[in-house]
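Colleague: The structure is given below, and queries will be raised subsequently.
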């Protein structure tokens, strides 16, 4: 039993090594390129058959990788959301389920997120964005309130303008202005009826683009900075722990020598 446990522990270390991560990462990139290349080939194209064959070989490697990781970690394998994601995508794309299998095979391109899993820096970026979600939601609610307010004001100020006949058309018009989709022509259409409309549109654009956008950027940057500070503290803690461990070993060696 101990030998089996040691074997599984050794296998888990191998599967988490930088070499294995590097090989899997290269194959993930190659697989993504193959999936993109298949969109340019017809089933009758000889290159299509070659790409499908390579794709199946890579899928076989992914299945073997998932199997080895599952054997090495046992039930603990499913505690990681990334592992569950890999298991569903890889095993699902290998099952002959017709159209649904094609969808899962296409979703295999999402394994590019594998690089987030193996990179501590990228994981902290994702964690920072996750921490920013409450602040982002607050900014989003504020943006909706401003959208609704400006829409009501637009309908009341420009009742004869074709783009502000009701709330729906007003919201659509303001979203077009915010997205920058030919918004000057929108302004020109309203100026034909109301020469002072430029003040309304410029105020809306300045508030939504410069103020709200900067609030959004500030929330995200603050969350990322917080995640970076936590990473630095964790690294400092690891260094301090390693230093203490070295001191204990040196003291043990000195006591033995004495």
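Every residue, even glycine, has its Cβ placed from backbone N, Cα and C.
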Colleague: I'm validating the feature mapping. Which of 196-224, 225-253 is tagged transmembrane segment in TrEMBL?
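Modeller: Within the set 196-224, 225-253, TrEMBL attaches transmembrane segment to 196-224.
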Colleague: Report, as numbers and ranges, every residue of the chain located at least six residues beyond the transmembrane segment (196-224) whose Cβ falls under 8 Å of a Cβ in that stretch; write 'none' if there are none.
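Modeller: Residues 125, 128-129, 131-132, 135-136, 138-139, 142-143, 146-147, 150, 153-154, 157-158, 161, 174, 177-178, 183, 186-187, 190.
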